[in-house]
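To start, the structure under review is shown below, and the notes come after it.
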């Protein structure tokens, strides 16, 4: 889909239009102008009840090849973000069922609570791109697309530059979300740690601002990344740590922001085997790495003036004669020892060594992203990612970004008491904290490996993919993280 911004006299346009109608028979400014040209046709349709301001109500007026799509938008100044998404989805779905090839979108006049024109335009583009996403690379028969709609022009009388910036940001973010979804939806017989490394190398080939280094198991052994390697022991696919260095800060020596993603390309649980039901979805245990990859795609497109290092910690967790066992004690790269109580609590073992590894970059801050715990899904459901942090300022910055991006996150506590649940009789730490507060104790475990930099952890176990009829990766939290990075640009 092509997007642009235009300041135009709607009443003189012959292109198809989205026009807002509000409750209480209130016409938007654009509708009033157009109604004069149409000699009261819109007013008449509202009075007759053919269309109302109720959200989701649609009426299509036909004038030659032009389609004027009247869209019910609720109460002006009281429209919520969720309602606005429904409005955009309904309007675009209707347009695709017409002969329209280009739409001038005057729904920019809809006032969303606590949002501005920039957000209105950006969220519309992101919503449209999300709904356009289809993953059928492995289907022999592709879906037919009979829609002629190819371009949406955002109508605005002012703040033209703000709207154009919104389109630029939204298209880059949507591109990043798509990239994340594509590799997350890829089957595990294809998407393994080597595949993640290949994607990282290809990204470096496409962007002169990115340099990729891939670390294999031989080098990991030299570095003492024994916790990471233990998880990989049951798989024939070698673990790969893919490091994507994006450097575009005016000061090349400026400390980088590090994003580290858990990349379990398949997690059967190891010796602590998962139940068979829904195990196919454990291909999504690499969505943390996928989201980091998506973010790196987006910032390369935006050419943000920052130094950012994206790390994909690729690995598989499978049962095998060589697999690590409950009861094993592992010496991590940091020197801390960990008693394995459950081999299905593997993500924290991969991440703890990754978090130690990234110290070499002397980071300004580190954010890890992981489908880490089912406990987080129980606590927060599928709407909010879990946020844990040892740094209040960083946590607040992420919460602010989550709100701006409408990619929700909720901060969980991280007080010292939770460390008590991680005590082991035989090692420095246990890799499991017991039944209660599992999302928090997982974060508490990781915090032991982040003493040398500000750190935050996003648990996306509930938000990274959907089940049921809409099964598939969501691309979250790419929007949140790109927004966070946009906010870091001075």
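Glycine is no exception: its Cβ is also placed from the backbone N, Cα and C atoms.
267 is the only one of 267, 428, 459 that Swiss-Prot places in the Mn(2+) 1 site (with 344, 346). Cross-referencing 280, 285, 328 with the Mn(2+) 2 binding residues that Swiss-Prot gives (262, 267, 346) picks out 285.
Close to the recorded Mn(2+) 2 site, the chain also has 231, 263, 264, 282, 286, 315, 317, 347, 350, 370, 371: residues not among 262, 267, 285, 346 whose Cβ is within 8 Å of the site's Cβ mean position. Proximity to residue 348 (active site), judged by a C-alpha distance within 10 Å, picks out 262 from the recorded positions 262, 267, 274, 285. Geometry remark: residue 346 (Mn(2+) 2 binding site) versus residue 274 (active site), CA distance 12 Å.
Closest in space to residue 344 (Mn(2+) 1 binding site), of the recorded positions given as 262, 274, 285, is 274, taking the CA atom of each residue.
A separation of roughly 8 Å, to the nearest angstrom, links the Cα atoms of residue 274 (active site) and residue 267 (Mn(2+) 2 binding site). Take the CB of residue 274 (active site) and look out to 10 A: across all protein chains shown you find 16 other CB atoms.
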